[in-house]
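Peer 1: One structure is given below, represented as structure tokens, and several questions about it will come after.
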Number of protein chains: 2
Amino acid sequence: MSTDQHKIPQATAKRLPLYYRFINNLHHQGKLRVSSKELSEAVKVDSATIRRDFSYFGALGKKGYGYNVEYLLSFFRKTLDQDELTKVALIGVGNLGTAFLHYNFMKNNNTKIEMAFDADKGKVGEEVGGVSVYHIDQLEDMLKNTDVAILTVPSSEAQNITERLVEAGVSGILNFTPARITVPDHVRVHHIDLSVELQSLVYFLKHYPLDEEE
Amino acid sequence: MSTDQHKIPQATAKRLPLYYRFINNLHHQGKLRVSSKELSEAVKVDSATIRRDFSYFGALGKKGYGYNVEYLLSFFRKTLDQDELTKVALIGVGNLGTAFLHYNFMKNNNTKIEMAFDADKGKVGEEVGGVSVYHIDQLEDMLKNTDVAILTVPSSEAQNITERLVEAGVSGILNFTPARITVPDHVRVHHIDLSVELQSLVYFLKHYPLDEEE
DNA sequence: TAGAAGTCGTGATTTTATTCACATTCTTTA
DNA sequence: TAAAGAATGTGAATAAAATCACGACTTCTA
């Protein structure tokens, strides 16, 4: 699986799913070819950056022509392991957790939320967005083949639950709590901190008048 | 308002709200001083990076001592305009929108979601999480003193609504839709793309075995 | 078929961000 | 009061990312 050529820059790796989604759209629209310029306008990434990103995977395009949509799509499908399903567990069926269960992460995706956990017995046994909710005490029992967890618990619980997830063998956590969790080296955490996002947007608005920079 | 010394790097600016929140915690815990090393462990940012970040604002600490929590807090409060309220509107009271309305963005924050809009007449007139929901047709009328909008509409509506927001004077948009919206130069958009986040986490897990890099 | 237009892939450059490493200064302790 | 220890702030080095700019090739058009 990870037989890959290894030096894809992180910044590039983060953009791949975005490219994939857009190429997929193009394909559905029946487009046959696309240039880095067109892609650039659609995904708001500089066209040179796109060409550079693609070039890490070899020569995917043709000079003077652009990229063949079908080829690009099948290439990215392989590269992003779109044919392999990654099982995801969601911990914490509160407002945000519930929203994610309803949110269709699956549309042309290789990930599926397979189960959810909550400490509230009132929620246990329910199905939310087609996903069964189990009690948090069952975490260790149920979490056998699950590599990825979405953490939407109250921040006070974040570290504690994280340790149980790691113990249960989870190797990737998407952390929506404001807490910065501590994990062993072999576990990867991506933080999405909603308040920070909003606050930093506000900071930029007030302190970085546009029209003159960036 | 934007009388500030101008060359705070963007990467630094994005970390400020995080620092602020943690310093605020420390203050509530009654801590009087803190070192960049301690901060580093808590927020998971290298201590040299923290010192560098702070140094853009001048010498906030004391050699051999660290930083005075109270001073740091009041400094960041000023810098992040914590005493000025930024009004926010939320567009699209679906699953995600509803979650955000309940989510307390306000805990020690300078932002407040003041109103919400939706196209569904069934939702109009309701209060969700203490915020009134108006019909999307009233957008232009109501959105007078609002600078920031949170966009949680279906992606097919994203561009259209964006144009109306911009027209109504909004200058910052937090876009949770997968669509990459187009805006005039004076408007700032931050994208939070949940599927991309999940997918890129999965990509990293499969292709960047930890323990050897990063 | 020839010239014009379009577009990639990439070396070179520039910009941005991170990290090292240490002189300097403050605090603590005996 | 003197020595040891702690921690900053920052010049310099490094690393990572973005962008420029152009040769090479493809396609289109007349």
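A Cβ is built for glycine as well, from the same backbone N, Cα and C atoms used for every other residue.
Among the features that TrEMBL reports, DNA-binding region is placed at B:18-57. Among the features that TrEMBL reports, NAD(+) binding site is placed at B:GLY92, B:VAL93, B:GLY94, B:ASN95, B:LEU96, B:GLY97. According to TrEMBL, the domain 'CoA-binding' annotation covers B:81-180.
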Peer 1: State the residues, same chain only, that lie 6 or more residues beyond the ends of the DNA-binding region (B:18-57) and have a CB under 8 A from a CB inside it; answer 'none' if no residue qualifies.
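Peer 2: Answer is 5, 7-9, 12, 65-70, 72-73, 75-77, 79-80, 82, 108.
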Peer 1: Is there any among the binding-site residues B:GLY92, B:VAL93, B:ASN95 whose Cβ is under 8 Å from chain A, and which ones, in sequence order?
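Peer 2: Only B:ASN95 pass the 8 Å Cβ test.
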Peer 1: Enumerate same-chain residues with a sequence separation of six or more from B:LEU96 (NAD(+) binding site) and a Cβ-Cβ distance below 8 A; give 'none' if the list is empty.
Peer 2: B:THR152, B:PHE176
Peer 1: Tell me the Cβ contacts of B:GLY92 (NAD(+) binding site) under 8 Å, same chain only and six or more apart in sequence, or just say none.
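Peer 2: Sequence-distant Cβ neighbours: B:PHE117, B:ASP118, B:LEU151, B:THR152, B:VAL153, B:PRO154, B:GLU157, B:ILE161.
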Peer 1: For the domain 'CoA-binding' (B:81-180), what are the DSSP-based totals of helix, strand and coil residues?
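Peer 2: The composition, in the requested order, is 28 helix, 29 strand, 43 coil.
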Peer 1: If you count the other Cβ atoms within 10 Å of each Cβ, which of the binding-site residues B:GLY94, B:GLY97 comes out on top?
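Peer 2: Sorting the candidates by Cβ neighbours within 10 Å, the top entry is B:GLY97.
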Peer 1: Taking all residues of the domain 'CoA-binding' (B:81-180) together, what is their mean pLDDT?
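Peer 2: Averaged over the domain 'CoA-binding' (B:81-180), the predicted model reaches a pLDDT of 94.
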Peer 1: Taking the Cβ of B:VAL93 (NAD(+) binding site) as the reference point, list residues of the same chain whose Cβ is under 8 angstroms away and which are at least six residues distant in sequence.
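Peer 2: When sequence neighbours closer than 6 are ignored, B:VAL93 (NAD(+) binding site) has B:LEU101, B:ALA116, B:PHE117, B:ASP118, B:ASP120, B:LYS123, B:VAL128, B:VAL133, B:THR152 within Cβ distance under 8 Å.
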Peer 1: Is it possible to list how many residues within the DNA-binding region (B:18-57) are helical, extended or coil according to DSSP?
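Peer 2: Split by secondary structure, the DNA-binding region (B:18-57) comes out as 28 helix, 2 strand, 10 coil.
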